[in-house]
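**Q** Per TrEMBL, the features are:
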type     : residues : note
TRANSMEM : 12-31    : transmembrane segment
TRANSMEM : 51-72    : transmembrane segment
TRANSMEM : 84-102   : transmembrane segment
TRANSMEM : 122-140  : transmembrane segment
TRANSMEM : 161-181  : transmembrane segment
TRANSMEM : 209-227  : transmembrane segment
TRANSMEM : 268-287  : transmembrane segment
TRANSMEM : 317-336  : transmembrane segment
TRANSMEM : 348-368  : transmembrane segment
TRANSMEM : 388-405  : transmembrane segment
Amino acid sequence: METGQTVTPIPLWNIVVIAAIAAGIQFGWALQLSLLTPYVQTLGVPHVWAAFIWLCGPISGLVVQPIVGYSSDRCTSRIGRRRPFIAAGACFVAIAVFMIGFAKDIGHRSGDSLQNPTKPRAVAIFVTGFWILDVANNMLQGPCRAFLADLSSNDHKRMRIANAWFSFFMAVGNVLGYAAGSFSGLHKLLPFTQTTACDVYCANLKTCFIIDIVFLLSITITAITTVKETPITRKEAGDEEDNEGRSSGRAFFAELVMAFKTLKKPMWFLLLVTCLNWMAWFPFLLYDTDWMGAEVYGGKVKGSASQQKLYDEGVRAGALGLMINSIVLAFASLGLEPVSRLIGGVKNMWGVVNLILAACLAATVWVTKVAEAWRGEHGPQILTPPPTSIKTSALALFGLLGIPLA
């Protein structure tokens, strides 16, 4: 049992309220994945360089979560050891989201020209906000999971329930985020978001992020004010340090290196395949809505007004596809265990879903070629969405990819 935690059963509603923070976190992630790659190109960042901005996610996940987790385990604040990090993470998310949403406006007021396709000040504000957002999300997510473990009081059944609720609210956040990203008239709720420097697409993005700020802060304030946490003393923190770090007090990363040295060959193969798996996933996750806008719909970020409108329609269709993906993901997660028993175990299941992933990603090339052929038949200047068959095929791929993602 973790130091400082009581054995008295915690009411289930406490777990549900803390797990609900996942909806706010995932709402922001969904907006990032669906809208920010197309948005960053409107600031003048070349398409090929957009991926480098996304390096923050893996880097912050590798560095920030372990450090925050290590620090929160030993935090002796009088309001608890998890709640200070959750509150700070939510505040940094709000600041970062504001910077991203208002990057064009701030850049314009700082001297960016509307006529210049590249807006350097807006890019600097956007990139800074983007990196703060990824760091803050990782800073928020780790303590939330740790808080759920604390509330479970080392009860494995209760921990499974807590994880199930956390996953449920992640799915809720995904659906809400992708639904918001797929709606073209959201800016009408907040008319002030459309400005001289911020067009309709930008205003929709800004409105989505304002909603995200209000949603996340509301959930977080409710959680940290209604769910109490027992603080630990400096002595208890020191005892925990001795118990967990008895091997001459090695730091986390030194222990991580030591763990790698003791891995057996089957585990190395498993990690290698997982690495290749995510190398396949990330290009799709970063460019899926851009793929819909540019290759399936045939629009352009910096083309004519009609080409830009077509691109925006494709991006919103991609956000709809991601929402479908999240719904399939939720149902597939519930069915993984019984289906794996039917096909001979988890190992067979893992192999099958990796084949599904490979087939779906390969099929994106086929959908692109079919869309290009359709536009070729009707003339290269056609500025209408592709036929229903092509759109349905693309959305079906989004849905099928929810299975291996589960």
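Count begins at 1; order follows the chain as displayed.
Just so you know, glycine gets a Cβ as well, placed from its N, Cα and C.
Whatever TrEMBL says is automated annotation, not expert-curated.
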**Q** Do we see three or more Cβ pairs under 8 Å linking the transmembrane segment (209-227) and the transmembrane segment (388-405), pairs being at least 6 apart in sequence?
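**A** Counting Cβ pairs under 8 Å, fewer than 3, so no.
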**Q** Who are the chain neighbours of the transmembrane segment (51-72) in space, where the CB to CB distance is under 8 Å and they lie at least 6 residues beyond its ends?
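**A** Sequence-distant neighbours of the transmembrane segment (51-72): 37, 40, 45, 81-82, 84-85, 127, 130-131, 134-135, 137-139, 141-143, 146, 252-253, 256, 282-283, 286.
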**Q** List, by number or range, the same-chain residues at least 6 past the transmembrane segment (122-140) whose CB is under 8 A from its CB atoms?
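**A** Here the qualifying positions are 21, 25, 28-29, 32, 36, 40, 43-45, 53, 56-57, 60-61, 64-65, 68, 85-86, 88-90, 92-93, 95-100, 102-104, 106-108, 112.
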**Q** For the transmembrane segment (388-405) against the transmembrane segment (317-336), do we get 3 or more Cβ-Cβ pairs below 8 Å once near-sequence pairs (under 6 apart) are dropped?
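**A** In this chain the transmembrane segment (388-405) contacts the transmembrane segment (317-336) - 3 or more Cβ pairs sit under 8 Å.
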**Q** When you scan the chain for residues with a C-beta under 8 Å from the transmembrane segment (84-102), skipping those not six or more beyond its ends, what do you find?
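**A** Residues 21, 24-25, 28, 36, 68, 71-72, 75, 77, 125-126, 128-130, 132-133, 135-137, 139-144, 147, 205-206, 208-210, 212-213, 216-217, 220, 223-224 contact the transmembrane segment (84-102) from elsewhere in the chain.
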**Q** Would you confirm whether the transmembrane segment (161-181) and the transmembrane segment (348-368) meet the contact rule of 3 or more C-beta pairs below 8 angstroms, pairs 6 or more apart in sequence?
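**A** The transmembrane segment (348-368) and the transmembrane segment (161-181): touching, no.
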